[in-house]
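One structure is given here, and the rest of the page talks about it.
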């Protein structure tokens, strides 16, 4: 029992001493001791010389607590970061042993002490917050360790590769470097290794997700010497949800809307032209709005490829009706119709004259019409209105005569007369078929029917190729 009490007394003694010291420091009667200590530390302190001047380089440890990433701008190629930036180093000139506690001093004391000449290499604009006072902290430890903290908002350059935009990933860095001191005078390191940077996992961005981050320590060589550099690199993955709702879905719906013209009657010119022009102008507006939110870069982005593809489909749908309109209502079909009617009239007149010249006492050789069958004749006449058919040439039946030879038996003569009569009857029937007028086109054209299938199939294939390529 005695031994246990002794052990308890031994272990509790330092705690009691610390409590007494703390109380003595806070005691107004002992405030003079603290004041004397601070005055002694600052008296004769030369801010122009680094710690251990002429000796080994000063080791400066860095800590960053990220408060927020306020903005990532593709137009300016930068991002804005608010952070608590802390640096720690040992300055033996500031060590003390009279007070066994840390001294947190007024931020204005920092102007009287040596601090590292740290700067952000890729910084565009930075400032230290000053509400309600300048956000700086100076804390001294008995062994001379100095902790210097700042609350900083910095806008930092981030060179982005937007070829896969908006399906891209970007690497943005924060480069920390000494401006004047070389590696002979100062060294930088991450204080706490992988735990030197905190707050990254708590950050939420509207268009990005922080996939990963890494800490880098290196030395860079310039003409003036070798300098220490620390790098904090963020890997940002863009969230595609916003762009699907704002760009991709409207483009898809507008492209599908342009196909409605394939189901509108081809003679409804006003409706089809208005629909085509409206969809083309809408796609142009989407393209223009997108360009305003992005920098003027020389290469083609992924979203440019998609919008360009949608624009081509919409524009081709408008050209499809221009083709249909020309085929059905242009001058070409009218000329074909008139030429076909003229040829049919001439053929009918020629056959009528040739039939009247037939003599039953002559040996007549009738060659058949150069029409394969009645169905082919009907299709040829009906096909005059087909835009893909060329001008059909109607050849009259060639009728050849030759002088009668030796007299034949009357039986054969009668048979020949009956055969000639049948031929004449069939010729008249076929000739009458050539007089059929070209009917008015009231059915949907074959081009429209094929377009209803061709456009959706090709657009679906385009989407499959696009998403497989850029997502993977």
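In case you wondered, yes, glycine gets a Cβ from its N, Cα and C as well.
Source: prediction; values computed, not measured.
Feature list (source: Swiss-Prot):
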- 119, 178, 179, 224: histamine binding site (BINDING)
- 179, 224: 4-aminobutanoate binding site (BINDING)
- 158-172: disulfide bond (DISULFID)
- 30: N-linked glycosylation site (CARBOHYD)
- 102: N-linked glycosylation site (CARBOHYD)
- 401: phosphotyrosine (MOD_RES)
- 287-308: region 'Etomidate binding' (REGION)
- 1-23: signal peptide (SIGNAL)
- 330-450: topological domain 'Cytoplasmic' (TOPO_DOM)
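Closest to residue 172 (disulfide bond) in space, going by CA atoms and restricting to the binding-site residues 119, 178, 224, is 119. The list of residues near the region 'Etomidate binding' (287-308) in space but at least 6 beyond its ends in sequence, with Cβ under 8 angstroms from a Cβ of it, reads 74-77, 162-168, 243, 247-248, 251, 466, 470. As a summary of secondary structure, the region 'Etomidate binding' (287-308) carries 13 helix, 0 strand, 9 coil according to DSSP. Shown in sequence order, 117, 177, 180, 181, 227 are the same-chain residues outside 119, 178, 179, 224 whose Cβ sits within 8 Å of the Cβ centre of the histamine site. Here residue 158 (disulfide bond) is positioned 20 angstrom away from residue 179 (histamine binding site), judged by their C-alpha atoms. Scoring each of the recorded positions (102, 178, 224) by how many neighbouring Cβ atoms lie within 10 Å, the top position goes to 178. Distance between Cα atoms for residue 102 (N-linked glycosylation site) and residue 178 (histamine binding site): 27 Å, as a whole number.
Fewest Cβ neighbours within 10 Å among the disulfide-bonded residues 158, 172: this applies to 158.
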